[in-house]
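Enquirer: Pasting the relevant annotations from Swiss-Prot:
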ACT_SITE  His205  active site, proton acceptor
BINDING   Gly36, Ala37, Ala38, Gly39, Gly40, Ile41, Gly42, Asp62, Asn122, Ile145, Ser146, Asn147, Met256  NAD(+) binding site
BINDING   Arg109, Arg115, Asn147, Arg181  substrate binding site
TRANSIT   1-22  transit peptide
Amino acid sequence: MFRSMIVRSASPVKQGLLRRGFASESVPDRKVVILGAAGGIGQPLSLLMKLNPLVSSLSLYDIANTPGVAADVGHINTRSQVSGYMGDDDLGKALEGADLVIIPAGVPRKPGMTRDDLFNINAGIVKNLSIAIAKYCPQALVNMISNPVNSTVPIAAEIFKKAGTYDEKKLFGVTTLDVVRARTFYAGKSDVNVAEVNVPVVGGHAGITILPLFSQASPQANLSDDLIRALTKRTQDGGTEVVEAKAGKGSATLSMAYAGALFADACLKGLNGVPNVVECSFVQSTITELPFFASKVRLGKNGVEEVLDLGPLSDFEKEGLEALKAELKSSIEKGIKFANQ
């Protein structure tokens, strides 16, 4: 969660915004790059990262319309300096010196589409962007939002391996929206404050590969087995719920931007040495037989400091864990195969 912060010189209105935002006063300079900054997720994500005082330089890149987004966001009176870059020739300039690269680039879901339907378009985009990251900012942390995350993270890993720059501690699939949804849905059925809720979500980032661990939720609430099953299903189908509600006019752009900003903030805190920063993310992992898996990870100055064990699972969660493995394995292999074509 974002921690409250107080900027003594801020106006009351600005203080109100920032208390709901991020953290800290005296912090190192950090350059954050958003690839796909002019898109449905990229624009609100750019706004949220502009509000984050951990960011000193905000570099916005897209294939079109980035100058306008940069000019708009750049007028906001917060710490970071904003630069806009557009087109292939500017990609290197956008990336140079980055501490953190966030990738929401690609096409959004439409009604009837699954995340895997996006593969043929978004896989190529992620491959090309990963080649550029390996060339211009190989030491940066990379937060992958572009779907299908279960495949795009392995694509990026393979591209980085080919370039000789791969560091498994620095590549993250952003699954935070699954956690955000699980928290919201759980609180809605429990007599608890949603701001105090935490629910680990493990596995992957599509359909049945999303496995919320409601047995480990805090604060604990006495929910029936049927309700836990319903909450699990709703968490898994949360993206589809939004796509259908928008009736062809978009996907989960605003909540995804919020979740992406949450995870980016956690990564920046880790880089800055804040202790005990733990978030769920889809990373290279040995906690199952699969090469990538989403679970709780401890973040630090080098990215992933520790991949945490799954902890005790209910019988329902154990069943879900076994059920998701085949689909997740297939998605991972699909990404690896694409990257090596």
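Cβ coordinates come from backbone N, Cα and C, glycine included.
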Enquirer: Of all the binding-site residues given, namely Ala38, Gly40, Arg109, Ser146, Asn147, which is spatially nearest to His205 (active site, proton acceptor) at the Cα level?
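Expert: Closest candidate to His205 (active site, proton acceptor), judged by Cα separation, is Asn147.
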Enquirer: To see if you understand the setup: which same-chain residues, six or more apart in sequence, place their Cβ under 8 Å from that of Ala38 (NAD(+) binding site)?
Expert: Leu60, Asp62, Ala64, Asn65, Thr66, Gly68, Val69
Enquirer: What does the structure give for the C-alpha distance between Arg181 (substrate binding site) and Ser146 (NAD(+) binding site)? Integer Å is fine.
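Expert: Approximately 18 Å lies between the Cα of Arg181 (substrate binding site) and that of Ser146 (NAD(+) binding site).
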Enquirer: Determine, to the nearest whole angstrom, how far the Cα atom of Ser146 (NAD(+) binding site) is from the Cα atom of Arg109 (substrate binding site).
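Expert: Taking the Cα atoms only, Ser146 (NAD(+) binding site) lies 11 Å from Arg109 (substrate binding site).
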Enquirer: Go through the binding-site residues Gly36, Gly42, Asn122 and tell me which ones have a CA within 10 A of the CA of Asn147 (substrate binding site).
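Expert: So far as Cα distances go, the binding-site residues lying within 10 Å of Asn147 (substrate binding site) are Asn122.
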